[in-house]
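Report on the structure given below.
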Amino acid sequence: MRLIIVRHGESEWNRIHRYQGQMDAALSDLGLRQAEALAERLKAEQLDQIYSSTLQRAARTAQAIAVHHTNTPFAYSDALLEIHHGEWQGKFADEITANYAAGLREWREHPTRSQMPGGESFSNVLKRTLDFLDECLVKHRDQTVLVSTHDVIVKIFVAHALGMDMDRINRIWVTNASISVIEYGSELPYLVSLSEACHLGKMASTREGQKAL
């Protein structure tokens, strides 16, 4: 299976550095343009299946891609939702830094043993992501599958493919509307590309510009 993983375009809350988690922020004007550029980049791909998170920032990104793939099956999956941020959802990055400094440091350095107050455990998001992957590997063995999802989910796919310690996922940078590709065969999975964003040109988001998930 060839897995094409895209992160959604910039959301309104990405733009203002506000933690969103599973809150349903829409794409910003830039995010809509990023989604269209991403769709143009992928229009020549032969896709056998498109899956998307149910949150509108990922769904709108996937829908832009699907315009060029009208005969490709399209489905939504809650397995692809961003990790739930609990009390952090709706708060600005500066608030999190000021009021949850220890928890933020724990999340960045040791996510596997971290849980945002009232939020989803890393073990749960890991399980639902890898369960989804296992189902795809059975159902789409020799096919190309595209998923439109979120920062933490992309990082889990990549870290799992590389056999990385999951505590190191926050060393992976995934920009908005970027493409990561993993190929799964009879041997080990291969990471073909990570956070490719050449199609965005000057629309590409910077790490400094994205202080919140």
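Every residue gets a Cβ built from N, Cα and C, even glycine.
Database features, via TrEMBL:
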- HIS8: active site, tele-phosphohistidine intermediate (ACT_SITE)
- GLU82: active site, proton donor/acceptor (ACT_SITE)
- ARG7, HIS8, GLY9, GLU10, SER11, GLU12, TRP13, ASN14, ARG57: substrate binding site (BINDING)
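Residues ARG7, HIS8, GLY9, GLU10, SER11, GLU12, TRP13, ASN14, ARG57, recorded as binding substrate, reach a greatest CA to CA spacing of 15 Å. Excluding ARG7, HIS8, GLY9, GLU10, SER11, GLU12, TRP13, ASN14, ARG57 themselves, the residues of that chain whose CB lies within 8 A of the CB mean position for the substrate site are, in sequence, ARG15, GLN20, ALA25, LEU27, SER28, GLY31, ASN176.
Between GLU82 (active site, proton donor/acceptor) and ARG57 (substrate binding site), the C-alpha separation comes to 11 Å. Between the residue listed as 'active site, tele-phosphohistidine intermediate' and ARG57 (substrate binding site), the C-alpha separation comes to 6 Å.
When Cβ neighbours within 10 Å are tallied across all protein chains shown, the highest count among the recorded positions ARG7, HIS8, ARG57 belongs to HIS8.
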